[in-house]
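Asks: Please see the structure below; I have some questions.
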């Protein structure tokens, strides 16, 4: 039960950490808290959620969050959801999912997109809305269903179809019709390469690993670590953000767990061939890269004042955030290395002050390259304008419940999962500060600072 009496919590609004504990720089505006976060199981695309629509998954996440937190509909100020590959029928998927979940039509909803950090954008947009006083509460989240993506007719066919509507004579209609027929068997698949560079993330990940001397063995070891830690967290019941999804049909079933966790061995990993650079130099494989995933997430955030006045028990403070952008060709996946120092400098903290790190695992090589970049004098001086290297992020603080390599990565939903794991790990590990860092297409990235809420 998340709702408790105001009197039980009002005295806890002052942090009870030891006086010697580091304190982040104070920010103007209200304290913003994470009350709770949920997600559907993250599953491999083409498996148990393959017959659903993305809006179905987002609806399940919103409905479960409302049920778990018991927030009255009248108290929901705004709903924001992130997604990347949009279904045209539900282009504002936040609105459609909210209505399906039973949220009254008086609650405004909007959808945002910024590749793999779309859910982070949903969170930080809502933080801004709360900070300005526009709302007291928001539901934020995101969704991706890669089992079913829009596949368009190619441009010639589309152009001919639109022209056909204006054709007046039979010969004109027949001529345009033949143009349509010629192009029907050449569909336009969703783009997987960066528009600006023409390069896929996998190729970029391979180049990045080579540039920062990350070996194939190191990547495979990190991937095994991710799956092993995810399995251990699942077995220990730590993934409390997962909510079951009931599937109707001839054989009704309930999906209650992630299905992409695969603890492997180095021998098995060594058998996998490079997935992108198809020669002896390629090191990114299906085993050390994140997989296509279906899933949705939702979180309830609000001002601390509203939470205490209405009997909610927050899980964490959402203290600060930082967005970055850099060269989308040579530094496409290097945002964590850029954003972590910027965020911590702004907050007056150091690596030593942070107990928990949750870095999005697009590829094992990408994570390890970012760690090497922060520990590189050359990179930090040349590309970040620092006097020297920032430092080595301790592996014992990183992604201890697994990451995107093992749990999966529904593009629009991962940001909330990262926040939920930060809050959960801070409580589990008795830490004070956590940092989220994630890269995204276009050379973008985000960092978020989260602080444990006092018990």
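In case you wondered, yes, glycine gets a Cβ from its N, Cα and C as well.
For reference, TrEMBL lists these features for the protein:
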type	residues	note
ACT_SITE	116	active site, acyl-thioester intermediate
ACT_SITE	409	active site, proton acceptor
ACT_SITE	439	active site, proton acceptor
DOMAIN	32-305	domain 'Thiolase N-terminal'
DOMAIN	312-451	domain 'Thiolase C-terminal'
Asks: Residue 439 (active site, proton acceptor) has how many other Cβ neighbours within 10 Å of its own Cβ?
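Replies: Other Cβ atoms found within 10 Å: 33.
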Asks: I'm checking region-level scores; what's the whole-number mean pLDDT for the domain 'Thiolase N-terminal' (32-305)?
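Replies: Overall, the domain 'Thiolase N-terminal' (32-305) comes to a mean pLDDT of 95.
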Asks: Taking each of the active-site residues 116, 409 in turn and counting other Cβ atoms within 10 Å of its Cβ, which one has the fewest?
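Replies: The active-site residues 116, 409 were compared, and 409 has the fewest Cβ atoms within 10 Å.
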Asks: Can you count helix, strand and coil residues in the domain 'Thiolase C-terminal' (312-451) using DSSP?
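Replies: Secondary-structure breakdown of the domain 'Thiolase C-terminal' (312-451): 61 helix, 35 strand, 44 coil.
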Asks: Reported as an integer number of Å, what is the Cα distance between the residue listed as 'active site, acyl-thioester intermediate' and residue 409 (active site, proton acceptor)?
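Replies: So the alpha carbons of the residue listed as 'active site, acyl-thioester intermediate' and residue 409 (active site, proton acceptor) sit roughly 8 Å from each other.
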Asks: Using DSSP with the three-state reduction, classify the residue listed as 'active site, acyl-thioester intermediate' as helix, strand or coil.
Replies: strand
Asks: Take the C-alpha atoms of residue 409 (active site, proton acceptor) and residue 439 (active site, proton acceptor) and report the distance between them in angstrom, rounded.
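Replies: About 12 Å separates the two Cα atoms.
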